[in-house]
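Supplied in structure tokens, the structure appears directly below.
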Amino acid sequence: MVNLRGYNWKSQQLLLFLIIVAAWEAGSGQLHYSVPEEAKHGTFVGRIAQDLGLELTELVPRLFRVASKDRGDLLEVNLQNGILFVNSRIDREELCGRSAECSIHLEVIVDRPLQVFHVEVEVKDINDNPPMFPATQKALFILESRLLDSRFPLEGASDADVGSNALLTYRLSTNEHFSLDVPPNHEQVKPLGLVLRKPLDREEAAEIRLLLTATDGGKPELTGTVQLLITVLDVNDNAPVFDRSLYTVKLPENVPNGTLVIKVNASDLDEGVNGDVMYSFSSDVSSDIKSKFHMDTVSGEITVIGIIDFEESKAYKIPLEARDKGFPQLPGHCTILVEVVDANDNAPQLTVSSLSLPVSEDSQPGRVVTLISVFDRDSGANGQVTCSLTPHIPFKLVSTFKNYYSLVLDSALDRETIANYDVIVTARDGGSPSLWATASVSVEVADVNDNAPLFAQPEYTVFVKENNPPGAHIFTVSAMDADAQENALVSYSLVERRVGERLLSSYVSVHAESGKVFALQPLDHEELELLQFQVSARDAGVPALGSNVTLQVFVLDENDNAPTLLGPLANGVGGTMNEVVSRALVPGQVVAKVRAVDEDSGYNAWLSFELQPVAGGVRSPFRVGLYTGEISTTRALEETDALRQCLLVLVKDHGEPSLTATATVLLSLVDSGQTQKVSSKVSAGASRVDQRLVDVNVYLIIAICAVSSLLVLTLLLYTALRCSATPTDGACAPGKPMLVCSSAVGSWSYSQQRRQRVCSGEGPPKTDLMAFSPSLPQGPSSTDNPRQPNPDWRYSASLRAGMHSSVHLEEAGILRAGPGGPDQQWPTVSSATPEPEAGEVSPPVGAGVNSNSWTFKYGPGNPKQSGPGELPDKFIIPGSPAIISIRQEPANNQIDKSDFITFGKKEETKKKKKKKKGNKTQEKKEKGNSTTDNSDQ
């Protein structure tokens, strides 16, 4: 029963131990021990293995070891019994100084598994340090004349221990003259001191020795002592006295070294050495005063030895001391007040504070740009500063308060005129001479989008040959924007409109960045002679600004159309016609006529006719007019001539390369009687055809009248709308191309500056209708005014077909065939010209056209040149077979006007088809009348 109880008790004890260990480990895992300082080697500290719950047998296998953050040799663990003991001397004052808490921190490390335990060992203080005075002996000199209760400070003792071991108490050896004044422990300001309780008498006791003892609060108590040696001094009854207690001196700044400031004097009523006075600065004088002033100890003179600067110090207060040579020395005191007088030796200082830079160019006047502060270290008028600005700038200074100015905007800014202002601010003080300083403020003007892109000119004229490849670069527009950065980033676009039935963008495009204009498809001069459109340039600003430029693209003709034969010949480049010719014709009689037209213009539409030679070298009795296409006899027809004459007429233009068409003309030679029979049959057939044509023409006339009326009304309405609209809409814009034409009197310049504006609305521009005011070069100066040509030039629209070719010119009643050969006369508007002076007349079309320079040269010959100041009597219109005569009228009859002259506009395809149908009937009539008809009806 006893054993069971003992077993249960042991089990409970073990369980309690395990619970404690678990609770210990669940805590911080730390052990706390304490040990007094100066403990001997081997002093027991604690059973660390047991307290950590480690078996003694595990210490070595698990590599039990102790590490210390402090000195690691102070404590050690016995691995045999698991006891922590003192290994070496522990000095708390050496380890922790005067700290109230002192501990040694250990880390216990075991392996398998690895565990770390923290152990804190508190080192307790013991009273092992006695109080210590700074010296073992202290000497004091006290005048015998000192009053009672005079206090003489003493330096106390110190104890290296802490806590109660460092609490000190003092006691003074017994005497009748002095008592000890000990302040409470919490008062650290008032030192330990001796208090005079009884007057001193040097003749009774010249020297007094006292012992001061300090005792700490430890157990046992430790003490420290100091020997006080008090010497009683004889009395020097009179101290030196200055004339005044305060001297005031004014000293200019920047005076040279050696300048006398003042000479002081002090007197002593004593005699002997007690009356001899020595001067000096007081002991509390600053080192700054000593570096600037020197005191003569004998004479009492104060001189300057350093730099006196008013801005550094406006006044110096110098305490002086005069001592006699008695024992003890008695001092006398006075004060020297040196007032420094300011000199204008400091220039103003400017400080610029940037607030809102850069400044937007649309800023309103009054906006504050920068704050400027000024400061002058001088005083009075020398420190009064005024500021001014660079003249002729849009800024001004506004004084906000003392020594502060605001740089404000005074007028409007324009970055495109001046992008940056270097504002010079000048500050000037009121001294004499005046000092000044400057500061530069760089004001950058920030850009706003206030400038639209601008083209170099409002209109460009571009000449492009037809049949260009798709995507061909035809022109480059460029606009300049005076703004900066994204406000100057220009993009280009087309101003879209309709050109006929199609959009402008189907013809051309413009590159948004480079401004290059490209033709998207081959251009056809016969379809579109002038393409007028606008290109818009817009910048990338917000809001975006833009402008437009007008491009007039003239499509230059190329020889891409062969001559086309007109009825009764078949359409195309070849055809056959039959004619009956009487053998009784006289030489030069016109028997037939080949009609042809070329859809090109200029030289490319100038047609010539050639008769191909007959096979076998037989000379044909017929010839063909070079430019008229008229077939006429060269001699009288003979019986030997073949009854059927087959003539091959080659029609070719003057393009490069030349294109041709061939007409076959079959002539049947008959006698005069047979000719009348054939003619009557032809006339009868023609009359029936004419009757049918008359009926058709009536309907055509009615239809044409109706369409014309509708067209006139439409044009009137359109003209009214266009007059009320802006002139830049559609295709109406002034152009400035210069056309230079060569004539018999030299070069003629046709300026478009006075050209009448031709508006084509939203449809394709009909650029063949152009008006020029002829400008002739000035002749030599003369008193007589040279006669000017009448600018009333009119060319009938009925001759438009003749502007492309030399077809059927006899219909105008102008051309006459001479009996003598191929010489021809080209018609003018007013009358037929006489025989040319020599050779063939100049081509009636714009011969010699240079597509690059647009210089027209008429006539291959060298005609007679007109004299200076004279005007040509005729010239040739490009694309026209006519020579225009200029009527010389008196000066008072001149009318300042310009009319339209057509430049080779082709007939529309539908009109040509109708004309071909009408020409078939007309040719039938001509076959019967060819023997007698020498001119066009």
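Glycine is no exception: its Cβ is also placed from the backbone N, Cα and C atoms.
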For the candidates T335, T438, T662, I need the one that Swiss-Prot annotates as O-linked glycosylation site.
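Looking at Swiss-Prot, the O-linked glycosylation site feature maps to T438.
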Do you know which of N548, N919 is annotated N-linked glycosylation site by Swiss-Prot?
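That would be N548, per the N-linked glycosylation site annotation in Swiss-Prot.
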Of T225, T426, T728, which does Swiss-Prot mark as O-linked glycosylation site?
T225
Summarise the model's confidence over the repeat 'PXXP 5' (878-881) as a mean pLDDT value.
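Result for the repeat 'PXXP 5' (878-881): average pLDDT 40.
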Reported as an integer number of Å, what is the Cα distance between N265 (N-linked glycosylation site) and N548 (N-linked glycosylation site)?
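Distance (Cα to Cα, whole Å): 99 Å.
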Using all protein chains in view, find how many other C-beta atoms are within 10 Å of the C-beta of N548 (N-linked glycosylation site).
17
Cβ neighbours within 10 Å, counted over all protein chains: which one of the glycosylation sites N257, N265 has the most?
N265
Let's see if you can do this one: DSSP helix, strand and coil counts over the domain 'Cadherin 3' (243-350), in that order.
10 helix, 48 strand, 50 coil
Roughly how many angstrom lie between the C-alpha atoms of N548 (N-linked glycosylation site) and N257 (N-linked glycosylation site)?
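Their Cα atoms are separated by 82 Å.
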